[in-house]
């Protein structure tokens, strides 16, 4: 007997795949045209990157165009001509051309930073566009570094921009960072934070660090003057299950814009010696109440493994191993459960879905409202961890034969929930869905929305 529902799902999936391929082809052709135009203009970033690590001869005079363009900041008493010249001769590396890196780069280029390095391994996606303001719809599929470079050169064609379209790691970090004066950590990634911190300490480069999640943001400067480094504050990385990125926790685009702009400001202050740099202090921004807090953080740790007088770490290490997590925010799956405690979405669809069971969706209510599987019940992870779900499901939990299936967006929070419930009810059949709703869309129902 023909399964019309399955055929319709496959038809929709094929149409979506064809549309995606056509859109990707159009994007690639547009990228090719733009890159060929850049090469023809003598601005090929790969050639620039391989040519030399030496920056051009310092400029000692502002041009008439410089004076006209930067006049509003030239007339600032503490900035002036000398400040503009320092900025013109400066070189800044931005690691991560996402929600933080885009506004930071935009303001640095607009202010007249002479040399900018952009590093990002990733390509532009539609889900980036609400906060990564240098990218555009027609550049989806293009390298983020190249996409940002195109937008920045439209803003200021006098800025020299190098693209590093690769993942920064222990093998290439020292070589990439060495020619730059200041580094901006816009990665929002724990393993990369430790990598950049250690490399910048070893190379004596100030590190302007920003982060943003949900409605909150933070900003500080590490390794500046006698201030602490990142390891002084966080000598031990957090457990992987305690880390949330904007892909899982969400973020409001304007929050990343605020923090990224402030990172640019701190970089400018470091370069020209302006004001009181945010070293030894942490700026905390709460977007929901629009409150800024400026708090003191600890001083340099005398026994810091990297920045102390006798460091234990004198060369870069394997930071993914050290942190127990990948150096990207792309599909970082947790591995908390044994294979027999997990359930593939196809197996669930084919066998268990038609049988009595309890399907608990542990996403927050806002995410559950976006989309949900039939018969699923929303029980946020927080309710499971504080055991407030027990009273609600007391009757079902009395039945040890009733299978309990945990579900989330990507299969991480569901593992945490399954582990917690299993510890409390070891005799019950408790499993989570591998890959969560993303896997459901990819393997079962192509019409199910992805976010």
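Placed from the backbone N, Cα and C atoms, the Cβ positions cover glycine too.
Of the residues 99, 210, 217, Swiss-Prot puts just one in the ATP site with 120, 127, 128, 129, 130, 131, 144, 188, 189: 99. Between the listed ranges 21-41, 42-62, Swiss-Prot ties the annotation region 'Disordered' to 42-62. When the C-alpha distances from residue 232 (Zn(2+) binding site) to the recorded positions 60, 99, 131, 188 are tabulated, the minimum falls on 188. Closest by Cα distance to residue 229 (Zn(2+) binding site), from the recorded positions 60, 99, 129, 131, 188, is 188. Take the Cα of residue 60 (phosphothreonine) and measure to each of the recorded positions 127, 129, 246, 304, 307: the nearest one is 307. Taking only the Cα positions, the spacing between residue 129 (ATP binding site) and residue 408 (active site, cysteine persulfide intermediate) is 24 angstrom. Considering other CB atoms within 10 Å as the measure, the emptiest surroundings among the recorded positions 60, 127 are those of 60. A 10 Å radius around the C-alpha of residue 246 (active site, glycyl thioester intermediate) takes in these recorded positions out of 127, 131, 188, 304, 408, in sequence order: 188.
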